[in-house]
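Q: One structure is given below, represented as structure tokens, and several questions about it will come after.
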Amino acid sequence: MRIGVYVCHCGLNIAGVIDVSALEEMAGELEDVVLAREVQFLCSDSGQEGIIKDIKDNKIDRVVIAACSPRLHEKTFRHVMEKADLNPYLMEMVNIREQCSWVHADDPQMATQKAFDLIRMGVAKARFLRELSATSSKASRNVLIIGGGVAGIEAALNLAEAGFPVTMVERESTIGGKMALMNEVFPTNDCSICVLAPKMTEVQNHPNITLYTYSEVTDISGSVGKFHVRVTRKPRFVLEDKCKGCVDLCSEVCPVEIENPMNYGIGKSRAIYMPIPQSVPQVVLIDPDHCVGCGLCQLACPAEAVDYEQKPEEIEFEAGAVIVSTGYQLFDASRKKEYGFGKYPDVITNMQLERMLNSAGPTGGRVLVPSTGQPPESVAFIQCVGSRDKTVGNEHCSRVCCMAALKNSQMVKERYPGTDITIHYIDIRAAGEMYEEYYARTQGMGVDFIRGKVAEVYAGEDGRPVVRYENTLESRVEEEAHDLVVLSTGYEPSKAAEGIGRMLNLARRPDRFFASAHPKMRPVDAPVSGVFLAGCASGPKEIQVSIAQGSACASKVMQLLGTGELEADPMGAHVDPDKCIGCRTCVEVCKFGKISIVDKKAVVDEVSCYGCGDCSAACPVGAIQMRNFENEQILAQVRAATAHKSQCPFVVAFLCNWCSYACADLTGMSRIHYPTNIRVIRTMCSARINPEFVLEALKGGADGVLVAGCRMDECHYIHGNFDAKKRMDVLKEIIKEIGLDPKRLRTLWISAAEGERFSNTITEFVKELEEIGPIGSELKREYTATGLEEVAK
């Protein structure tokens, strides 16, 4: 083995504190190191060229780069390895800038010692580095889109135009979602169906789109590139290829009246009906729960499209990626009994008002008081019904309700100028483009706004609904009767979402909508590879945001499936079948469902493995390992650190790449100092930290161990830090049982932005360890190493 060590000056960023020449000399004396060199700027063109020349001239087969953070330049130096015809994963970076020179400028001597310790740890790991290469596999270019609302439509058209085959599955009998039911849309007051209908028709007619309406996804298995999908098409009892959409002929003869689900209880339809006039496809359906089987519609249909014997149809296909655009459902206003919905006919929801305002809706665009059939002279809107409300379990804001109420109040005012309109609100949230102007315009039209919660709605002596409310701006409780009360109901995840979430193993937010991989950096990526979230599937949002997310999802899919092949990250998990005992521990630990048991052995889906390492930490026999973060590699770092204990107390820290290690980097960038007593080992996730690593550090002489990961509920692998915390909590009890002070193991759950807190934690931990004393000092008998060794076994 021939290892080359390179130490970067980084101008004075490193060399201004650390004795770089001494590092070069000490590194050159390490076992297996055949070349050690200090360079002004390793990342410069000349620096990179020098490394390439050295590798070729000296037949170097491993490289250690002591410079800045691997989060900054790891890819840079991997490319250098490739140019030198060396496998890029035979290089290890050592962070002596952000986590050494920048945080220990007040103690150059110990900073130099710490830097050498880190280099020694890097060389120890380098001895166990293996050649890694990305593997590729064929991927289906077909894309499954679940949900045919505006977000799904936008994604489908973007993909289809780019040449990708798309299969759209919509559980309702028409695509278009809630937008297709609305009258006009804010803030421009465009006719909703006028702008949406052309896109709906384009979806139906596009040669690259296969559309299944009145259908549900019943099973999804497999993983990115090769999802196996099963869809059930429910019977319409009308043949799609024969129906001409001439609904009047069949509907007129039907003797049964029903409530059209698209009208939310306003008006009536027949048992054979068209969902909305602009339905896509233009095909009627029969409601089997109310149809009496009289046969009149079948006799009236000139196309012979009615088929009472139609059965559910099962369809199976492959998809390379999935876009979840399942939308939302409206809060059931009857759950707020104090508002009288379902009890008083003149208390309706905002969506019912939308259907009244729609010229193609059940009332032909007229707003009518249900009890009288006449236009209202006074209307009250009550905001936040079923949102921002702990009593119904919905503490979140539904984001759109304020603007929807403003829009509908404008519509009522325009059609019935003499109508008095009052909006009862907690806060008006008008934060989008042109929203504040829209709010001002509504006020200018004479709409009254009263800040405060509504206590109840009850029937007055004349039968009209009376609103009892607080006026917080005037500190009064008042009552007022209205002809019509409109409840602005909140948004909840759609009925389909729960099943889809189970099939795809999607995480949920506290508001029960699907959680993205990261709310800021990866807002449309699901935590599962090959799955993307668009529109209200990931929470309430406006139409324009849903459209933007549909386009974003399409772009992500194009990047993923553009070549028809998928490249697996070589640093995922892999199983040694000779060691595996088929215990299923890894299967249960992997929340992403990427491990299965085949022939009594664990098998990892390496193409879609996330690389968190949770499975590896849980494996009782060490059969499953994380490439580049294998047990022997990390243990080599631990032993190299503790074998030359350069100060007391001595702390070994395991930091996750995404938050705690990034936080340590930020601490350095902010020049926030902390004691030199800490030696950091990076893992991708805190879940990778095997209790064996901690015990090995303590057995080797470390006075304390710090395990740090992302804040709870913010782990980049969703569940990783929860599993890490459980393991460390148990380990603290074990440490206590063998006679050591459990305070020697400290955990920290921190964001990447909390540099001051990171520094304070290190400082406090070192002081605490000074009070406890050197490792084993609290024991009456000398059995520390023996006890730890037994526990490790």
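Glycine residues also receive a Cβ, built from the backbone N, Cα and C atoms like all the rest.
According to Swiss-Prot, the feature FAD binding site maps to 147-170, an assignment based on sequence analysis. Summarising the annotation, Swiss-Prot assigns [4Fe-4S] cluster 1 binding site to Cys243, Cys246, Cys250, Cys301. The [4Fe-4S] cluster 2 binding site annotation in Swiss-Prot covers Cys254, Cys291, Cys294, Cys297, and the record cites sequence analysis as its basis. Sequence annotations record features per position, and here Swiss-Prot assigns [4Fe-4S] cluster 3 binding site to Cys580, Cys583, Cys586, Cys619. Here Swiss-Prot flags Cys590, Cys609, Cys612, Cys615 as [4Fe-4S] cluster 4 binding site. The domain '4Fe-4S ferredoxin-type 1' annotation in Swiss-Prot covers 233-264. What Swiss-Prot records for 282-311 is domain '4Fe-4S ferredoxin-type 2', and it gives sequence analysis as the kind of evidence. Annotation source Swiss-Prot lists domain '4Fe-4S ferredoxin-type 3' at 571-600, citing sequence analysis. Annotated domain '4Fe-4S ferredoxin-type 4' per Swiss-Prot: 601-629, in sequence order.
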Q: Under 8 Å between C-beta atoms and at least six apart in sequence, can you list the same-chain neighbours of Cys294 ([4Fe-4S] cluster 2 binding site), or say none if there are none?
A: Pro255
Q: Do any residues of this chain, six or more beyond the ends of the domain '4Fe-4S ferredoxin-type 3' (571-600), have a C-beta under 8 angstroms from a C-beta of it, and if so which?
A: 89, 132, 223, 505, 527-528, 606, 608-611, 613-616, 618-629, 684, 718-719, 723
Q: Which of the binding-site residues Cys297, Cys301, Cys612, Cys615, Cys619 has its Cα nearest to the Cα of Pro165 (FAD binding site)?
A: Cys612
Q: Where does Met168 (FAD binding site) sit in DSSP terms: helix, strand, or coil?
A: strand
Q: Whose Cβ lies within 8 Å of the mean position of the Cβ atoms of Cys590, Cys609, Cys612, Cys615, the [4Fe-4S] cluster 4 site, other than those residues?
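A: Neighbours found: Gly572, Ala573, Cys586, Val589, Phe592, Lys594, Ile595, Val604, Tyr610, Gly611, Gly613, Asp614, Ser616.
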Q: Cβ within 8 angstroms of the Cβ centroid of Cys580, Cys583, Cys586, Cys619: which residues besides those meet this for the [4Fe-4S] cluster 3 site?
A: Val575, Ile581, Gly582, Arg584, Thr585, Ala602, Cys615, Ala618, Pro620, Val621, Ala623, Ile624
Q: For the recorded [4Fe-4S] cluster 1 site formed by Cys243, Cys246, Cys250, Cys301, which further same-chain residues have Cβ atoms within 8 Å of the site's Cβ center?
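A: Here the nearby residues are Val238, Lys244, Gly245, Val247, Leu249, Val284, Cys297, Ala300, Pro302, Ala303, Ala305, Val306.
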Q: Using CB atoms and a 10 A radius, I'd like the single residue among the binding-site residues Cys580, Cys583 with the highest neighbour count.
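A: Output for this query is Cys580.
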Q: Relative to the Cβ position of Cys615 ([4Fe-4S] cluster 4 binding site), how many further Cβ atoms are located within 10 Å?
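A: A 10 Å sphere around the Cβ of Cys615 ([4Fe-4S] cluster 4 binding site) contains 28 other Cβ atoms.
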Q: Please list residues from the chain of Cys619 ([4Fe-4S] cluster 3 binding site) whose Cβ is under 8 angstroms from its Cβ, counting only those at least six apart in sequence.
A: Thr585, Cys586
Q: Setting Cys254, Cys291, Cys294, Cys297 aside, what same-chain residues sit with their Cβ within 8 Å of the center of the Cβ atoms that define the [4Fe-4S] cluster 2 site, listed in sequence order?
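A: Checked against the 8 Å cutoff, the neighbours are Cys250, Val253, Pro255, Val256, Arg270, Ala271, Ile272, Ile286, Val292, Gly293, Gly295, Leu296, Gln298.
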Q: What subset of the binding-site residues Cys583, Cys609, Cys612 lies within 10 angstroms of Ala156 (FAD binding site), using C-alpha positions?
A: none
Q: DSSP three-state call for Cys609 ([4Fe-4S] cluster 4 binding site): helix, strand or coil?
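A: Going by the DSSP assignment, Cys609 ([4Fe-4S] cluster 4 binding site) belongs to neither helix nor strand, so it counts as coil.
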Q: For the domain '4Fe-4S ferredoxin-type 1' (233-264), what does DSSP give as the number of helix, strand and coil residues?
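A: The composition, in the requested order, is 10 helix, 4 strand, 18 coil.
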Q: Using CB atoms and a 10 A radius, I'd like the single residue among the binding-site residues Ala156, Ala162, Met168, Cys590, Cys609 with the highest neighbour count.
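A: In terms of Cβ crowding, the pick is Ala156.
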Q: Can you give me the same-chain residues 6 or more apart in sequence from Cys297 ([4Fe-4S] cluster 2 binding site) with a CB-CB distance under 8 Å?
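A: In sequence order, the residues whose Cβ lies under 8 Å from that of Cys297 ([4Fe-4S] cluster 2 binding site) (at least 6 apart) are Cys250, Ser251, Val253, Cys254, Ile272, Ile286, Val306.
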Q: Within a 10 Å radius around the Cβ, which one of these binding-site residues has the most neighbouring Cβ atoms: Cys250, Cys291, Cys612?
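A: The largest 10 Å Cβ neighbour count belongs to Cys612.
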